[in-house]
Amino acid sequence: MLPTLTALLCLGLCLSQRINTEKQTLPKPIIWAKPSIMVTKGNSVNIWCQGAQSASEYQLYFEGSFFALERPKSSRSMNKVKFFISQMTSHTAGIYTCFYQSGELWSESSNPLKLVVTGLYDTPTLWVHPGPEVTLGENVTFSCHLKTATSKFFLLKERESNHIQHKYGNIQAEFPMGPVTRAHRGTYRCFGSYNDYAWSFPSEPVTLLITGEVENTSLAPTDPVSSLDYWEFDLSTKESGLQKDSAFWDHTAQNLIRIGLACIIVMALVWLLAEDWLSRRKDHEKLNRLTSWECRGRRRMHRYHEEEQRDAISMRELKATPGDM
């Protein structure tokens, strides 16, 4: 009995330790691209992945498949690494994620980084009607035209990730807005595309002005630029500090597993104790039955001897009676 209980306890402790190790996950890393997530065809880009200070290895995945591996170069840069893409093409545009390892544990996957290549098609033309100066409450429509046939158009507002719109079209797409508010003012560009990550050159900027407001020179049209460094659209996670839950552990799952494991061990112990008690009870009942049978046998033998003695006495008395007569 004691060896069995000891073996069960050891098994429970080993399983608990193994499950505890497997369920521990490191906090997800952050991922970003420099100089931008929108890269002109042929240009280079760096993809950064930042994890915990104790990270020993980083892995980059592209469209769900392993892409590259990097290890921190020095102790001062243990918490981040750089993955270099020398030439951006339509084959390197898409969704990237990264992981890092610390000890025997691997982190969760980072948020997806959507890397876009531009400059694959002609430059589209963007205009707004009416405009570019409109009054509050008025309806406007942005039109994006591309000579080369495409399937999708994107309209982007400068520095606003939540203001990315897309429309399907062949050579032109319309983006209606309104009634306009002060939130609509700003500078817009459009792109043509055959998919979400391979875009044309950007259009010339078009600035939407709202009348009745104080003039803001920062919203005035700018000269065309050859790179998109100025257009840092947050299509994915920006560079920032590591998440506050850097010591995040799935306590709820661990506790539930421990409780379940403890219940199984307790049930096993109860079952063993019940089996032992039933076995002892059966042995005791068997012993009682044997003892009872022995007592009955002794009583029967005792009665038999008594009867033999009485019979012998009776026989002697019968033999003695005729002689006396």
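Yeah, the Cβs are placed from backbone N, Cα and C, and that goes for glycine too.
According to Swiss-Prot, the feature topological domain 'Extracellular' maps to 17-258. Positions annotated as domain 'Ig-like 1' by Swiss-Prot: 42-100. Per Swiss-Prot, the feature disulfide bond maps to C49-C98, C144-C190; the stated evidence is similarity to another entry. According to Swiss-Prot, the domain 'Ig-like 2' annotation covers 137-192. Sequence annotations record features per position, and here Swiss-Prot assigns N-linked glycosylation site to N139, N216 based on sequence analysis. The transmembrane segment annotation in Swiss-Prot covers 259-279, and the record cites sequence analysis as its basis. Feature annotation from Swiss-Prot assigns topological domain 'Cytoplasmic' to 280-325; the stated evidence is sequence analysis.
Geometry remark: C190 (disulfide bond) versus C49 (disulfide bond), CA distance 29 Å. Each residue of the domain 'Ig-like 2' (137-192) gets a DSSP state, and the totals for helix, strand and coil are 6 helix, 29 strand, 21 coil. When DSSP labels each residue, the domain 'Ig-like 1' (42-100) comes out as 3 helix, 31 strand, 25 coil, counted as helix, strand and coil in that order. On a Cα basis, N139 (N-linked glycosylation site) lies 43 Å away from C49 (disulfide bond). On the 0 to 100 pLDDT scale, the topological domain 'Cytoplasmic' (280-325) averages 75 in the predicted structure.
Cβ packing within 10 Å was compared across the recorded positions C49, C98, N139, C144, and the lowest neighbour count falls to N139. Taken through DSSP, the topological domain 'Cytoplasmic' (280-325) splits into 45 helix, 0 strand, 1 coil. Counted within 10 Å of its Cβ, the other Cβ atoms near C190 (disulfide bond) come to 29, all protein chains included.
A gap of 43 Å separates the Cα atoms of N139 (N-linked glycosylation site) and C98 (disulfide bond). Cα separation, C144 (disulfide bond) to C98 (disulfide bond), rounded: 35 Å.
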